[in-house]
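Peer 1: For 45, 70, 71, the entry in Swiss-Prot reads Zn(2+) binding site. Among the features that Swiss-Prot reports, substrate binding site is placed at 51, 156, 299, 300, with the record citing similarity to another entry. Residues or ranges marked as NAD(+) binding site in Swiss-Prot (evidence: similarity to another entry): 184, 204, 209, 273, 274, 275, 297, 298, 299. Feature annotation from Swiss-Prot assigns N-acetylalanine to 2; the stated evidence is similarity to another entry. Per Swiss-Prot, the feature phosphoserine maps to 211, 225.
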């Protein structure tokens, strides 16, 4: 009787600008505090595409082959000797950022700001668009039975929305402006509504995406064309009947940031989520004399348990955001689909024996 074939670890690897390959990597062995995961669902993020097209994002440069992917869920295959809270067969969502040391940022609970943090698919750290992947067990969270693998993978972008709404102080009764109806804008809309926002208006260039925003809960939408930032602000105020207390900017576009400052209520908060140019001209005086606080967002921290609770309780529904699914073997086709701007969230299915949501 022939021996069973050893499982392969097919992985999606970027070698440099425009050079994306499917390759077989060795199956890693988990350390004492790690788990080996059989990957199931991994979403494609804009950052993955940037590394593919440009080979870099800012100072993060692909200098050696790197496995992509960081929006992920999977099943525990093997546990390290010191892992007590997980066992083989557990379904988990993966928080991609795991601190390497207990530095000053970890001590105050803001580990996302740690300069030495491990983060999936950020050079030089490999991601998890592969069959098998090992990760710090403390940053793998068990999924309830009523939360699917795909919902588990969506916790990563959902966490950006949670962190942004926390930074903005979104609470009961607030009017909120969300600039941008891409995946991050959409999850921010969902979180703002779940946190008690009375009205949320979403702006975007795309009528199709704004239609989806209305479908998932936006109270108001505004399609942008060639208006000035001041005109956009006036239109937002006209729709809401007042200026929003919180604006969450998810595009990174300079004109959108400017509109956000003009639009936000005096004493309110503008949260910058989208990453654009390093240098951007903004009407800072207009923010200063009206005490509009401008806050940044870098990834997230302490969000996975909250996100899991929101999904399990059906406080948010991320399923409508998933528009395309591809097996890992067709990852190159999936990335081309993303590049063409088709769909919203594209999922890659990494387990050849389980392509279900």
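Think of each number as a place in line: the chain as shown, counted from 1.
Note that Cβ sites are derived from N, Cα and C of the backbone, with glycine treated the same way.
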Peer 1: So how many other Cβ atoms are close to residue 184 (NAD(+) binding site), meaning within 10 Å of its Cβ?
Peer 2: 23
Peer 1: Given the Zn(2+) site residues 45, 70, 71, which other residues of that chain have a Cβ within 8 Å of the mean position of their Cβ atoms, reported in sequence order?
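Peer 2: What remains near the Cβ centre is 42, 43, 44, 47, 48, 69, 72, 96, 120, 121, 127, 156, 157.
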Peer 1: What whole-number Å value do you get for the CA-CA distance of residue 51 (substrate binding site) and residue 297 (NAD(+) binding site)?
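Peer 2: Cα-Cα distance, residue 51 (substrate binding site) to residue 297 (NAD(+) binding site): 21 Å.
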Peer 1: The record lists 51, 156, 299, 300 as binding substrate. What's the largest Cα to Cα distance among them, in Å, rounded to a whole number?
Peer 2: 21
Peer 1: Quick check on the binding-site residues 70, 209, 299: which one has the highest count of other Cβ atoms within 10 Å of its Cβ?
Peer 2: 70
Peer 1: In Å, how large is the greatest distance between any two Cα atoms among 184, 204, 209, 273, 274, 275, 297, 298, 299, the listed binders of NAD(+)?
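Peer 2: Those residues reach a largest Cα separation of 24 Å.
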Peer 1: Residue 211 (phosphoserine): which of the binding-site residues 45, 70, 297, 299 is the nearest Cα neighbour?
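Peer 2: Considering only the listed binding-site residues, the nearest one is 45.
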Peer 1: Does DSSP put residue 156 (substrate binding site) in a helix, in a strand, or in coil?
Peer 2: helix
Peer 1: Between C-alpha atoms, which of these recorded positions comes nearest to residue 297 (NAD(+) binding site): 45, 70, 71, 156, 225?
Peer 2: 156
Peer 1: Would you find the one among the modified residues 211, 225 whose Cβ has the most company, meaning other Cβ atoms within 10 Å?
Peer 2: 211
Peer 1: Nearest to residue 225 (phosphoserine) by Cα distance: which of the binding-site residues 70, 274, 299, 300 is it?
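Peer 2: Comparing Cα positions, the closest of these binding-site residues turns out to be 274.
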Peer 1: Among the binding-site residues 70, 71, 209, 274, whose Cα is within 10 A of the Cα of residue 156 (substrate binding site)?
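Peer 2: Of everything listed, what lies within 10 Å of residue 156 (substrate binding site) (Cα to Cα) is 70, 71.
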